Amino acid sequence: MGSLNGRAALEFEDEGLESSGSIATKKHSFAVGSLSNGGSDNRSGNLYMSSSHGVIGSIKIVVLSTKLNILMIFGPIAIIVDKTSGSHGLVFLFSLLGIIPLAERLGFATEQLAFFTGPTVGGLLNATFGNATELIISIYALQNGMTRVVQQSLLGSILSNMLLVLGCAFFCGGFVITKRDQVFNKAVTTMSSGLLLMAVMGLLFPAVLHATHTELHFGKSELALSRFSSCIMLVAYAAYIFFQLKSQDNLYEPINEGETPTEESSDDEEVPAISKWESIIWLSVFTAWISILSEFLVDAIEGASVSLKIPIAFISVILLPIIGNAAEHAGAVMFAMKDKLDISLGVAIGSSTQIAMFGIPFCVIIGWIMGCPMDLNFQLFETATLFITVLVVAFMLQEGTSNYFKGLMLMLCYVIVAASFFVHTDPASLRKLSLPFPAKWRFHL
């Protein structure tokens, strides 16, 4: 899940946790860049309210507290199917299903660790691990020389968050809150829209340079421009994180009509469910398990495309982002239905900003280190799709209000995008566009 802009908080309830023979309901929240002097004081008193659970207690809280974790069984099934039958379609499907709960639990472990690090480090942790699943899959795809899969999957994450997730949040929230339009902080969304337009600029120039054949050094200028622009985008995103966490605290106050500060503070009890070292251990476990499944997932993409008769572009842009982020998508819709639209925007727009300004340039730099020619030339079709999407969403957000009709329009836009990629074929085949690099650069996470 993407970083939460300003004081947006992620809250969820875990019911059914047994403690000393009774049923307890725990509420957790995670805030980025919003803990002022009073916030840190309040948190220090509650920091160690979660007692030492032991191994079994920690497993109950992290693994057995949500029904979604039933899907974890599909991870081992994917490995068994790959070793026995070699059916790429089934391996791809089971790997996707197995990654869904792991991605959600990775976000949970990150939020728990953020309780012990403070808002600044917590925000950086959320920025790093919030989209860890997409980055891990991208690194394995880069390792196999599948640069187009990397580009299209990252692009798909942006499109699904901006159109599908935000559209579903607006639509469901509008049907629950029918007497008025829901409101959100325009200042935060305007800044995120500006960053997304900057990302479009970074992707547009290499694509135009390639399409118009105006490179100074053919085959080199485009790659050099991509790497330079990636470094600039990473610097801009780092400055955005600093600005978000340090400079403008008042800018990120959420707009909650009918709620007093006293009510808000009493509802948001910041109590970690597990200890710091438990969070670190679970973070390592989930990251390692996602890395293992990602390798099987990437290896099965081409075979799954043939066996399922689905274009690789559709798999990369549509299926991977939707299924890989299903838990976060559901969370954004849930918060919109609770009239906490700033949190939903933090998930949708915040995650899109992370992928565009951090995930994509980060993969370019990683490809540079690994010797893989990953660039920012996403081809004109993909770049035009992103540009139009950013413009449509920016217009939808400019009033600072939402309703079910806006959500419906965004979802229908996503249907058009999905249909476009179903009939879209790359100018060259995946093999031709993906140049394998020497085996000495290959590594395992």
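Here the Cβ of each residue, glycine as well, is placed from N, Cα and C on the backbone.
A TrEMBL annotation is a machine prediction, not a hand-curated record.
Remember, predicted model here, so these are calculated numbers, not experimental data.
The transmembrane segment annotation in TrEMBL covers 55-74 (among others).
According to TrEMBL, the feature transmembrane segment maps to 86-103 (among others).
Marked as domain 'Sodium/calcium exchanger membrane region' by TrEMBL: 90-245 (among others).
Under the heading transmembrane segment, TrEMBL lists 123-142 (among others).
Taken from TrEMBL, the feature transmembrane segment covers 154-178 (among others).
Long-range Cβ contacts of the transmembrane segment (190-212) within its own chain (Cβ-Cβ under 8 Å, at least 6 residues beyond either end) map to 5, 158, 162, 221-222, 225-226, 229-230, 232-233, 236-237, 240, 349-350, 352-353, 356-357, 360-361, 375-380, 383, 386-387, 390, 393-394, 397-398. Positions annotated as transmembrane segment by TrEMBL: 190-212 (among others).
The transmembrane segment annotation in TrEMBL covers 224-243 (among others).
When the domain 'Sodium/calcium exchanger membrane region' (279-421) is classified with DSSP, helix, strand and coil residues number 121 helix, 2 strand, 20 coil. Taken from TrEMBL, the feature domain 'Sodium/calcium exchanger membrane region' covers 279-421 (among others).
Remote same-chain residues near the transmembrane segment (280-298) are listed as 58, 62, 75, 78-79, 82, 91-92, 95-96, 98-99, 102-103, 105-106, 109-110, 112-113, 129, 132-133, 136-137, 140-141, 144, 146, 149, 274, 444-445 (criterion: CB distance under 8 Å, separation of at least six residues from the stretch ends). Sequence annotations record features per position, and here TrEMBL assigns transmembrane segment to 280-298 (among others).
The transmembrane segment annotation in TrEMBL covers 310-327 (among others). Here the transmembrane segment (310-327) has long-range neighbours at 1, 68, 96-97, 99-101, 103-104, 107, 133-134, 137, 148-149, 152-153, 155-157, 159-161, 164-165, 301-302, 304, 351, 382, 417-418, 421-426, 430, meaning same-chain residues at least 6 beyond its ends whose C-beta is under 8 angstroms from one of its own.
The feature transmembrane segment is assigned by TrEMBL to 347-368 (among others).
The feature transmembrane segment is assigned by TrEMBL to 380-398 (among others).
A Cβ distance under 8 Å defines the sequence-distant neighbours of the transmembrane segment (404-423), meaning residues of its chain 6+ beyond its ends; these are 159-160, 162-164, 166-175, 310-311, 313-314, 317-318, 385, 389, 392-393, 396. Taken from TrEMBL, the feature transmembrane segment applies to 404-423 (among others).
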Listed stretch, out of 55-74, 154-178, 224-243, 347-368, that has the most CB pairs under 8 angstroms to the transmembrane segment (380-398): 154-178
Selection from 86-103, 224-243, 347-368, the stretch that has most Cβ pairs under 8 A to the transmembrane segment (154-178): 347-368
Beyond the flanks of the transmembrane segment (224-243) by at least 6 residues, Cβ under 8 Å: 3, 123-124, 127, 191, 195, 198-199, 202, 205-206, 209, 353-354, 357-358, 360-362, 364-365, 368, 374-377
